[in-house]
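Report on the following structure.
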Ligand SMILES: Nc1ncnc2c1ncn2[C@@H]1O[C@H](COP(=O)(O)OP(=O)(O)O)[C@@H](O)[C@H]1O
Ligand SMILES: [Mg+2]
């Protein structure tokens, strides 16, 4: 087989352009596979290591005020390995040059020792010294967002009293990868601070001497979390337990999990498409090769080589191309995976990155590409087997078009000969035309789906911040207040309209499904922050019943009319059984709405509110914020434009980058298939084109025959691409949509127009490139040879 | 530049010092070494010579498919050497019919459509059916090339070449791939075309017997004309001895 191997190498060299292009498609598929699985496993692994190294708790149990001796009781719960009690609470931080106070979470550090659970990573500086109540650690992402460094001073209002602090250390912590202010939905580095300080400083501020208000529990390996939650709730109930929850439900961790889940969805949808395209291209190229080498194949067979030996030759060729592509893809995947994981490391605030590619992803990358190539190659084998030496040695018969003649009668009247040539080629090779159409459509669908999802994010923002929320500023109080507090805001500078609201935390249950969230009480006829239906019409709050956001209804698996249980975690902690009245089209978060006075009645706390939405004259912002700082009940103020910007930033980084890369790669692949279609058609028809030129057809007329086929393929591919893109956009959007945010998947003509336009542009460019080849064809040489 | 050397009268082609060199340096192949030639209008001219002597090269240059390295080739009063690519295309479209050894039919078109391909762009074409009748294919007009024998395919190629009423018909080894009976039939058709349409015909062949049907025989060797003979005793293709 030595001679055949030489032929193999020469063949590869001869078709190096096309082989390279196919290897590249394989490489892109493998690259994505390795890169994405590398990123996913790196993120997983980094998270795991980070959590483990800094002993992140498995269970969080907030409580109003529990004596320290309860920690021993908690530690005795079966399955609990370690327990830590700490004090944490809200504060408002003043930052020089910032017109608005910033909300903060203050977390206690135990004296004289490291925290047993939920450790901190000190990025810079040192820990506060015991007894130094003015020394604090500041969360690194927040410090960076505001340009704060070691030695800078902060003043914070805790529990109504204002105190000054000095930053002695910059810290990161696994529980604060994403930081979200209570009552908000969007993580934002700049608008929520985390500050660690000595426990004694906090005990004084929150009046919790000898007590804690959050217990952290680490479970033994393999222990069940549910019984521990129940036991902890039972123990803490009489101290005002606020419902313990597992790490799985911890907000920062949830955000990270959802991002990883989104990546997983993409990685399972996209690479297979590339592999299928590569298999198809390989099939076309090798099939053409067998056709044009039929005499050689016949000859080799006549020498006594078996069908299998000859077939093996072509399989080797295919596998060589696939392996080359796979090797390239593996190397590129590791490289780009490391690069992207670095990006994610920064976005998610990991202090370090454990980059890891599972060896299995290399194996599956190589295996998938070889299999795809074999699938393409095996179809070709049929042709090799079918060639008997005798047939192969006869001069080639013209391709048989007699079966495509049926079209004739009707077409004849209005089609000239060149058009008939184009049409008959299409009719004669329906499989191949279909393959090309499918390939282009898949590429186009992929890019338009990514574009749709990208613009779906913008729609989510528009709908959330323009349609549903028409306020300018949201004010949150430290605790529930009489409703006259809200109306006092009416007299602050620039305030045009005030709308009070109340939110309480609650666990919602239906059957075995449950969700830890909250209930928002809305005023009748609320105008600033509303619940709307799919047509953006107000949903009036019912006198009995609850309105659920669609995401929440999906989680609980309920629809209008179903009864759900609501365990309120505040006040007298009532357990309500309420019917679901309507489903609201809310895209951010998973809220539940009730009429404000109905909620208050259930809580037995009439006329109580926890915040208000304001409509404000933009000119008056500085004066308003200055005034709000002096209102003691105000815990937080957030400007809608800031929330929106934060959300946009979140969506653009991380997964947004990924989507952009995907759309771009899909575009490149689409161009590759379009160009390949043009090239193949040119290769097959070079001789016919030369004949036409000899007969006196101009280059333009000859090009028509070539490009006509391409035009038909593109014409068929675009509507199919729209359909595929539409379907894929649901899949991708569903993969990314969670109760944290949902992606709108309305049909977006402009994204499909863009993707379709790109396909047409690719076709025109390919046509132009191939037309240049037509000009270069050596008429004489082409006609002299026998094919 | 060449207006003064332009020949007058009933001459279809005149070449002056036609030279063609393929490649460069030591590897250069001199396919034509200064060919001076005159082809009278309406004649059948047979170009004889051993393989590789430059016959096809000459035919391709005066057929407007290729360009000379040096020298001039005139078609009637036009200098082919000075035409642009586009002018050469139009020259082929309006005046030239080609027949090759390997038919070069469009496999996706029927016999009739292959001919129509040409009549659709020609200035003054003949009736498609007439062209096919001329080559004896009146009954197989709606067959595809794959359904025809080699001789039939070659006759379609001839029909396609003559359907535009060409001024000249170039046949490069038209019988090269055919058996003698079929070959003779094809030559017969070419003879008829010359007689009935008055087209000038140039046939390249290495089968010396073909010369018996020519008005004029040009012997070619090593890129140059060795001799030109006028044939006073033309024989019908049917009677050619092979
Ligand atoms: N494209 C080409 N490149 C290089 N040499 C060529 C080319 N075409 C023809 N030749 C050479 O030119 C010479 C004449 O060729 P050709 O005109 O085809 O001869 P004939 O038709 O008489 O057999 C031959 O030596 C041939 O090898
Ligand atoms: Mg020749």
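Every residue number used here counts from 1 along the chain in the order it is shown.
Note that Cβ sites are derived from N, Cα and C of the backbone, with glycine treated the same way.
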Per TrEMBL, the range holding transmembrane segment, considering A:391-411, A:412-432, A:433-453: A:433-453
Which listed span TrEMBL calls transmembrane segment, if the choices are A:317-341, A:467-491, A:492-516, A:517-541: A:317-341
Close approaches to the transmembrane segment (A:361-381) from elsewhere in its chain (Cβ under 8 angstroms; 6 or more beyond its ends): 26, 29-30, 33-34, 37-38, 41, 271-272, 275-276, 278-283, 286-287, 290, 311, 314-315, 318-319, 321-323, 325-326, 329-330, 333
Feature contact check the transmembrane segment (A:433-453) with the transmembrane segment (A:317-341), CB under 8 Å, 3 or more pairs: no
Cβ-based contact of the transmembrane segment (A:752-770) with the transmembrane segment (A:269-286), 3 or more pairs under 8 Å: no
Residues of the domain 'ABC3 transporter permease C-terminal' (A:661-769) by DSSP state, where helix covers H, G and I: 93 helix, 1 strand, 15 coil
